[in-house]
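K.L.:
Sending over a structure as structure tokens; questions will come in a sec.
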Amino acid sequence: MPVANVALPVPLPRTFEYFLPNNAPHPVIGGRVLVPFGQRNIIGIVTAISAQSKLAWEKLKPISEVIDRQSLFSDNLWRILNWSIGYYHYPAGEVLFHALPTLLRQGKSAEIAPLWQWLVTEQGRATLPEVLKRAPKQQRALAALLRGPVYRHRMCELQLVDATLQALCVKGLCVLRPEVPETKDWRYAFRVHGERQQLNTEQATAVSTIRSEDDRFVVWLLAGVTGSGKTEIYLTALEAILAKGKQALVLVPEISLTPQTIARFRERFNAPVEVLHSGLNDTERLTVWLKAQRGENAIVIGTRSALFTPFARLGIIVIDEEHDISYKQSDGWRYNARDLAVVRAREEGIPIILGTATPSLETLYNVQLKKYRQLNLGQAAGSARPASQQLLNMKGLPMKHGLSSPLLTKMREHLKAGNQVMLFLNRRGFAPVLLCHECGWIAECTRCDRYFTLHQHQRQLHCHHCYSQRPLQHQCPQCGSTQLVAVGLGTEQLEAALPPLFPNVPIIRIDRDSTASKGALEDYLAQVQRGGASILIGTQILAKGHHFPNITLVSLLNVDSALFSGDFRAAERFAQLYTQVSGRAGRASKQGEVVLQTHHPEHPLIQKLMHQDYMAFADSTLEERRQAGLPPFTSHMLFRADDHDNIQAKLFLEQLSQLLEASPLRDNDLWLMGPIPALAPKRGGRYLWQLLLSHPSRQQLQRLLAANLPLVSKISQSRKVKWSLDVDPVDS
Ligand code: ADP
Ligand code: ZN
Ligand code: ZN
């Protein structure tokens, strides 16, 4: 009696066996089935079919229904996902379901629904948009309709909303119709219709190098300073791929921040470009997914999860801003889309371009190892002018809510000129430190020359290196001052403090919390684009490929918490943020200015960034990581656990640590650090603890984990906490 192994969307690291009823169609590997689980029927994905089961016959239940007659996954994608299950030690069902659009997870059939489009009517065609100048949105909408059909799912790219088109419809100027399925393959009509830029020498060299090997797996690091014309390279590289009839996948950190980039892809090619953005409903998303699978799309642009789009003929992958940490999924299955994209390119046998002005140290290390190949663009192509930079020594200066008086003066000047000001705060992972405002002294762990991380609510200092701890002190040991301050001000606190200082100036806060609801980020960005004096308070979300032409002053308020953070990655993040914003503040017509507030203007990191460049910083930081035995020279895995009483999680991690210590696979190169409280030690009323594993050999560490993870559920404490494993963490 043959049985199917079925992966279910449940947090268990195993698959389940069901027998195949005689009269039903045969299930396929990679296809969905409906199976009984507990009291109900749920959807599963078949991972294997075997001739018989080791289980007793009576224990098996039958498959209730076979949904798919063919696999939903391409062979390559199937291999990558199965590899990921092992690499990330994450349940098969959750990984496979993660890779599917919502409707398929719910069991809906894998069928293309027509996409709806607004079409101009005869009457609309005979109407001049100027007639509508009292209704500027309608005027814009009509102008767009006159250029061609407006797909409903692409309206937000044109910054149009349904209501505007409805209003035109009432006036008889347009109608909504389902698209007529394309009968002609886009490949027959493919041509470049947008304007090509005349490439400069560096760009031309990069393009011809990429093109000379564009039929095989190569990882290109395209290291180009801000404004050096990386997008132009992507477009030119894609041109040759599309001309061969192959498809392209482009990943970006945040869709809403890149409308201009997307428009350039659409304008350049006479071929279907689809964007997977948060404005799509589930049906539209599924249709885009299925069209890609059938080869009906030429280019798919999306964020992290677009990596799992199936393609009939994928020919190239582009990862824009490869250093961006949003490529790392921060909960559930914590995969890194950049790393998986490289795995995918290898499986597909195609080139991948990692583009950035500020390469991650992992990527630079891969260049050193000759796994990746680097192409450089050193000069700005367009009209961007670098911002002027200024260091503000805060030591002893009067401060208001983290803003020094010279900075306040500057802010007033820029606002008075009708320009916008952007204030950057704590990026994720910039851990708070305890600092003396008078002399700049910073609390430091004497055992390891690392800075203590301040855990305010416990009133303790913790070393995130050797996990020693001590109570908060009240006096500076260097100068005796009692002005010890926690460096690490929150965005909300600042938002509340600004209005009295800047009455009548609109203040816009953009961070993970303020943009959690759908469309919120888009609304804020539209507000910023409209111009007029305003202050933006932002976290890292704002540094991603943004183009805010009216922002002329950018200040990083809180540099010290990055310089002296207990998180060894803080310096890298800071250098990336600094380089990105100083490359972008202002534009040709308006000189931009970047102001860094610090108690330590002499700090080598700052000096290096101001007087050399990001690459010089990266070289020396990589060398420091080598000497310190930190990633990418060692491999990290992080166990996280949380509880509600601040006892169980630590206990669980201690027992886990003992389990690993006792393992026969453990060797002397394994380093177990913790348990210690997480950098952000409390969330939603729960206490977060962590245990970090470090080993110079990734394979060794993987073997140790594979052997021991099945034993973790036997730790009695494991049922009293929530725990998870993060492979290659980005904040540890
Ligand atoms: P990056 O992505 O590297 O920041 P972009 O590709 O956005 O840079 O290019 C920055 C600006 O320079 C854009 O306005 C682009 O149109 C322009 N540009 C790019 N390449 C050229 C070129 N060869 N000649 C003239 N302008 C260019
Ligand atoms: Zn002091
Ligand atoms: Zn220490």
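Cβ coordinates are placed from backbone N, Cα and C, and glycine is handled just like the others.
In case it's useful when we look at the structure, here is the feature table from TrEMBL:
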DOMAIN    211-377  domain 'Helicase ATP-binding'
BINDING   Cys436, Cys439, Cys476, Cys479  Zn(2+) 1 binding site
BINDING   Cys445, Cys448, Cys463, Cys466  Zn(2+) 2 binding site
K.L.:
Could you check which of the binding-site residues (Cys445, Cys463, Cys466) sits closest to Cys479 (Zn(2+) 1 binding site), going Cα to Cα?
P.N.:
Cys445
K.L.:
Near Cys476 (Zn(2+) 1 binding site), which residues of its own chain have a C-beta under 8 A away, given they sit six or more steps off in sequence?
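P.N.:
The list for Cys476 (Zn(2+) 1 binding site) reads Cys436, Glu438, Cys439, Trp441, Thr482, Gln483, Leu484, given in order along the sequence.
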K.L.:
Over all shown protein chains, what is the count of other CB atoms within 10 A of the CB belonging to Cys439 (Zn(2+) 1 binding site)?
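P.N.:
So the number of other Cβ atoms within 10 Å of Cys439 (Zn(2+) 1 binding site) is 16.
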K.L.:
For ligand 2, list the binding-site residues among Cys436, Cys445, Cys476, Cys479 whose CB atom is within a distance below 6 Å of it, in sequence order.
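P.N.:
By the Cβ criterion, which requires under 6 Å to ligand 2, the hits are Cys436, Cys476, Cys479.
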K.L.:
If you draw a 10 Å sphere around the Cβ of Cys479 (Zn(2+) 1 binding site), how many other Cβ atoms fall inside it, taking every protein chain shown into account?
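P.N.:
So the Cβ neighbour count for Cys479 (Zn(2+) 1 binding site) comes to 12.
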K.L.:
Should we count any of the binding-site residues Cys439, Cys445, Cys463, Cys466, Cys479 as near ligand 3, judged by a CB under 6 A from one of its atoms, and which?
P.N.:
Cys445, Cys463, Cys466
K.L.:
Judged by the number of other CB atoms within 10 angstroms, which among Cys436, Cys445, Cys466 is the least packed of the binding-site residues?
P.N.:
Cys466
K.L.:
Around the Cβ of Cys463 (Zn(2+) 2 binding site), how many other Cβ atoms lie within 10 Å? Please give the count over every shown protein chain.
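P.N.:
Result for Cys463 (Zn(2+) 2 binding site): 21 neighbouring Cβ atoms inside 10 Å.
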K.L.:
Per-residue pLDDT averaged over the domain 'Helicase ATP-binding' (211-377) comes to what?
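P.N.:
Averaged over the domain 'Helicase ATP-binding' (211-377), the predicted model reaches a pLDDT of 93.
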